[in-house]
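> What follows is a structure written as structure tokens; I'll ask about it next.
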Amino acid sequence: MTRSGSGIDGHDDKVRLRTWLRERREALEPADRAAQSRDLARQVLEHVGSTILPTGEGGRSTIAAYLGVAPEPDTIALLTALAPDHDIVVPICEPRYQLSWAAWTPGTPLERSVRAPVGEPGGRRFAFTELTGVRLILVPALGIDQDGQRVGQGGGYYDRFLADHPHDAPNAVPRLGIVYRSELLPAGRVPARPYDQPLHGAFTADGLRLFGARATPV
Ligand SMILES: Nc1nc2c(c(=O)[nH]1)N(C=O)[C@@H](CNc1ccc(C(=O)N[C@@H](CCC(=O)O)C(=O)O)cc1)CN2
Ligand SMILES: Nc1ncnc2c1ncn2[C@@H]1O[C@H](COP(=O)(O)OP(=O)(O)OP(=O)(O)O)[C@@H](O)[C@H]1O
């Protein structure tokens, strides 16, 4: 069956799109990935310092981030720059595609997750609801369309996590994706299911693009 949209919910289209995005990401020159990672870090730092988390507002904030693994954009320099002023937590893959969170500071020893090819701190794990002062969620993605719909690595970890924390809830924490320039896709490109929660925006090396109602400043 090759018909576009086959499967009950565009699943096959999403699988094809994921394969295509992975191939394109792997085809990016390492020097290009490094340069975009540097510019991405600068963009995130600029926005965190100004619109997202203005300094002096309500004490120390927590950022739910992630540790990029090549060929993902490298986030280590970014997290290192954020760490002095913010508490950083990163995801841990738990059974049934659930995420928990662990504190990260520069030099925190990492172990390879038993469930995914990513590094995780070995320390205490927290449910998201146990964290205090979370002001920003940085979300990994292979591609993000202008409706805010994302394609991830396929486990559904972030899908489930975001579905538990709806984007339009009062006080919803901004969830902003991080992608290479070519991975910001036209509206409608990512098949969405009813429970898929759109991102509020996406960072590329060129800046922050906000979607939908968040197209006005966060
Ligand atoms: N850096 C980072 N951390 C993250 C995510 C992510 O996308 N990036 N996740 C986002 O959800 C969760 C981990 N989920 C992941 C699931 C699959 C693969 C992956 O690359 N799978 C490949 C290869 C599997 C293997 O060989 O072990 C595959 O499925 O082909 C990566 C992350 C939590 N932590
Ligand atoms: N909210 C949810 N509740 C239950 N199952 C879900 C939910 N979200 C996604 N899934 C299931 O998880 C699997 C992977 O989903 P999908 O292909 O959208 O992953 P992804 O967004 O690319 O991955 P990730 O979120 O890990 O980066 C699919 O089988 C999907 O049906």
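Using the three backbone atoms N, Cα and C, a Cβ is placed for every residue, glycine included.
A TrEMBL annotation is a machine prediction, not a hand-curated record.
Relevant sequence annotations retrieved from TrEMBL are reproduced here:
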- LYS14, VAL15, ARG16, LEU17, ARG18, ARG150, VAL151, GLY152, GLN153, GLY154, GLY155, GLY156, TYR157, TYR158: ATP binding site (BINDING)
- LEU67, GLU72: substrate binding site (BINDING)
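Buried or exposed, and what's around them? Tell me for each listed feature.
Cβ environment of TYR157 (ATP binding site): PRO91, CYS93, TYR97, GLN98, LEU99, ALA116 lie under 8 Å away, each six or more residues apart in the same chain.
Following the DSSP three-state reduction, the secondary structure of GLU72 (substrate binding site) is coil.
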> Can you tell me which of these binding-site residues sit near ligand 2, meaning the Cβ is under 6 Å from at least one of its atoms: LEU67, VAL151, GLY155?
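Only VAL151, GLY155 meet the Cβ criterion.
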> At a 10 Å cut-off from the C-beta of VAL151 (ATP binding site), count the other C-beta atoms across all protein chains.
23
> What binding-site residues in ARG16, ARG18, VAL151, GLN153, GLY155, TYR157 place CB under 6 Å from ligand 1?
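What lies within reach of ligand 1, judged by Cβ under 6 Å, is GLN153, GLY155, TYR157.
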> Work out the three-state DSSP category of VAL151 (ATP binding site).
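DSSP assigns VAL151 (ATP binding site) to strand.
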